Amino acid sequence: MSRVGVLVLGPAGAGKSTFCNGIISYMQSVGRRAHIVNLDPAAEASEYEFTVDIRDLISLDDVMEELSLGPNGSLVYCFEYLLENLDWLDEEIGDYNDEYLIFDCPGQIELYTHIPVLPTIVRHLQNQLNFNLCASYLLEAPFVIDTSKFFSGALSAMSAMILLELPHINVLSKVDLIKDEYSKKRLKRFLNPDPMLLVDSANADTNSKFHQLNKAIANLVDDFGMVQFLPLEAKNPDSVSTILSYIDDITQWGEAQEPKEPNDALEIEDM
C-alpha cells in the first residue's frame, strides 16, 4: 500500500506553517490521523508538535555557530547533511504506514532550483518509501495582488512544478487579509488568471522598456497553462477542507475508498 504525503512549499512568510496547522486541525476534527514532518532546520515553534523534526538531526543555529556560515550556506549544509543521513529520515517516518504526512518545507527556492536537494528527497520518498506525493505551493495574496509580483510568484510556482515533477496545486494564502479591500472580481482575476490580460495591467505600472519582458513572461505562463490558484483562509475549516479535497483527489488517499472528485472550489463570496 502506498503511503500518502503532501509537500508544503512557498516563499518565506507565505503561511506554510499556518496552513500545515490548519490541515492538522481540520483532520483531527473529522477523525483523520496526520502528522507534520518539519524539514526546516530554522523552524520556529508550531501550534502542533512536529512528529518528525529535522532539528533533531541538525539545526541551522548549530551549523552557523560551529562552522561560521551564513544563514543560506548553513541551510544548504543542513540539507546536504540530511541527504547523507537519509536512513535517519527512513527510521523516523518508517512506522507511519497508514497515516497522512505533511512535509513543512523551508522557503528558500534555491533548494530545488540551484541544488537538487528537495528533488532528491522527493525521489527517495517515492522510490524507497513508496510515498504517493502531492506538492502544494503557497503564495500570499497581499503580495501577488500586485500584477508584476504575481508574475514573479507564478514563475516560482512553475519552477517548483517542473523541477519537483510532482502533481501540484497552487494556493493563494491569506485571502482573508485582502478580501475586504479588493473587489471579488479583482481577486478572481488572480485565481484563474489570463496572463495576456494581466500583462496590460503590468505594463501600466512599469517602464516601457520592460513591456517586451512582461509580454514574454506572460506568454511563458500562458503556454504552460498550469498556473491556477485555490483561495485559502487557513482559519476557515471550509477553505482548508476544499484545499484538502484537491490534495486527496491527486493522491487518492485511502485505497479502500472509491476515487472521489474534489469539492467545488470555494468561491470568494463564500469565504
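Using the three backbone atoms N, Cα and C, a Cβ is placed for every residue, glycine included.
The Cβ of Ser17 (GTP binding site) lies under 8 Å from the Cβ of Ala43, Glu44, Ser46, Asp104, each of these being in the same chain and 6 or more residues away along the sequence. Residues annotated as GTP binding site in Swiss-Prot, with similarity to another entry given as evidence: Gly13, Ala14, Gly15, Lys16, Ser17, Thr18, Ser173, Lys174, Val175, Asp176.
In three-state terms derived from DSSP, Asn72 (site 'Stabilizes the phosphate intermediate') belongs to a helical segment. Neighbour count (other Cβ atoms within 10 Å of the Cβ, all protein chains): 11 for Asn72 (site 'Stabilizes the phosphate intermediate'). Feature annotation from Swiss-Prot assigns site 'Stabilizes the phosphate intermediate' to Asn72; the stated evidence is similarity to another entry.
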Those binding-site residues listed as Gly13, Gly15, and which of them has the most Cβ atoms within 10 Å of its own Cβ: Gly15
Euclidean distance between Cα atoms of Asn72 (site 'Stabilizes the phosphate intermediate') and Gly15 (GTP binding site), Å: 20
Ser173 (GTP binding site) versus Asn72 (site 'Stabilizes the phosphate intermediate') - Cα distance in angstrom: 25
Secondary structure of Gly13 (GTP binding site) (DSSP, helix/strand/coil): coil
Neighbouring C-beta atoms (10 Å sphere around the C-beta of Ser173 (GTP binding site)): 30
